[in-house]
Structure formats: C-alpha cells, structure tokens
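Annotated features in TrEMBL:
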BINDING   Gly20, Gln21, Glu22, Lys23, Ser24, Gly25, Lys26, Thr27, Gly83  GTP binding site
BINDING   Thr27, Ser65  Mg(2+) binding site
Amino acid sequence: MGNFFSRLRRTPTRKILILGQEKSGKTTIFSIINQKYNNKPKKLMDESKVQDEKNPQNKKMVDKSIGFNVDLIKDIVVWDLSGNKTMSKFWSCYFDNVDGVIWVLDAFKTDNTILDLMHDFLLSISLEKVKILVFIHKSDLVDEEVTVNLTEKVESMFTNRKIKITSTSVTNPQFIYEGFDWLNETMFVSKGRVLDYLPFYK
C-alpha cells in the first residue's frame, strides 16, 4: 500500500470507479485490467455455477470484495467498490473528483430494479459530467438476444449522454481491454487534444 501512495504522489492521475450489483463480476474485471497493465496475478471470481458446470476445468478462485480494491492502473486510480447492500450506501463518498465510471451489469441476472438503480446513480448531480462505460458482463452465459435487449434498454435510459456499452466475459477479455482504453481516451482527450501522458498513445 505504501508503494501505491508513493506512485500516486509522483504521477498525474485520474479516477475511475467500478460499480454495479453484488457478484456481477466487478472484481474479476478489476483483476483482469490490473493483470494486463500492471502484470498483477489474476484473481478471478467464480462468476457462475452454470459456467462451472459447463467447464469444470475452468473453475475460478473466488476473491470477493469485502469493501473495496484500489490500485494505480495506467496513471489512473481505479476503485473497485463492493456492491453489497451495506457498502453500496457509501458509494457516494467516493464521487468527489471522479472522471469515469465503469458500471458492471450481470447479463445473467439484471432486472428493471437494477437498471433503475444504475440510472439513478449515473444521473446524479455528482456524476453528471463523468464519462460512463457499461459492461454487460457474463455475456457468454446467455443468449445473444438477452445482451441485445439489455443494450437497448441502457441506451434508452441515457439518450442525452455519451456512454459506451460493451458485452464482456472472462473467456474473451479483449472487449474489457478495449472498453477500458476507450474510457481512458474519453477522459484524457481535452479540446480535441490527447494529453502527452496518455499511456496507450505512447
């Protein structure tokens, strides 16, 4: 942790929050991104019993977030916040100076209540200028029609807001990387100019 804060002091930083319902795959996504850019060991959550039953050899280690995970990834402070009912009440405490939000929807179990929660949070005054990336996660466990319907619902909720919606899974992390890179670019582009320290433009 001391190394984290020392890097934070000497590096120009932005701030991203990873939010979403409990067990949606937030920590898995945080770990996948951290592993790629910081070469940290993967700690993948057991995202679905269905997945394990289909591929028992692919059973993953559960590393559930009790409160939060945080690390400096590509000069960005990334917070993975727990989605349980107790901890989600404190999400707003992390909204100060946030530049981007990754909202993770579980394709396997997202209903209108969860969509309404996402809508209310992302349209709050505190996040009105924040860049938004929505991952429809575990898309490999559902029919394509499910992800298409979810995408259309989310798009209809944010007609006046620029957001990116991407279907993701642990079996094909490339879409996670592409989404994260899009969020980086969107946050760091200012007046048509990419800042010199934008990592993936180097």
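Placed from the backbone N, Cα and C atoms, the Cβ positions cover glycine too.
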Where does Gly20 (GTP binding site) sit in the DSSP three-state scheme? strand
Residue with minimal Cβ packing [other Cβ atoms within 10 Å] among the binding-site residues Ser24, Thr27: Thr27
Can you grab the distance from Gly20 (GTP binding site) over to Thr27 (Mg(2+) binding site)? Cα atoms, rounded to a whole Å. 10
GTP binding residues Gly20, Gln21, Glu22, Lys23, Ser24, Gly25, Lys26, Thr27, Gly83: largest Cα-Cα distance, in Å and rounded to whole number: 11
Extra residues within 8 Å (Cβ to Cβ centroid of Gly20, Gln21, Glu22, Lys23, Ser24, Gly25, Lys26, Thr27, Gly83), GTP: Val104, Asp106
What count of other C-beta atoms do you get within 10 angstroms of the C-beta of Lys26 (GTP binding site), across all chains shown? 29
Where Gly83 (GTP binding site) sits in the secondary structure, as DSSP reduces it to three classes: coil
Please report how many Å separate the Cα atom of Thr27 (Mg(2+) binding site) from that of Gly83 (GTP binding site), as a whole number. 10
Given the binding-site residues Gly20, Gly83, which one's Cβ is surrounded by the fewest other Cβ atoms within 10 Å? Gly83
Just jot down the residues in the same chain as Glu22 (GTP binding site), at least 6 apart in sequence, with C-beta under 8 A of its C-beta; none if empty. Ser82, Gly83, Asn84, Lys85
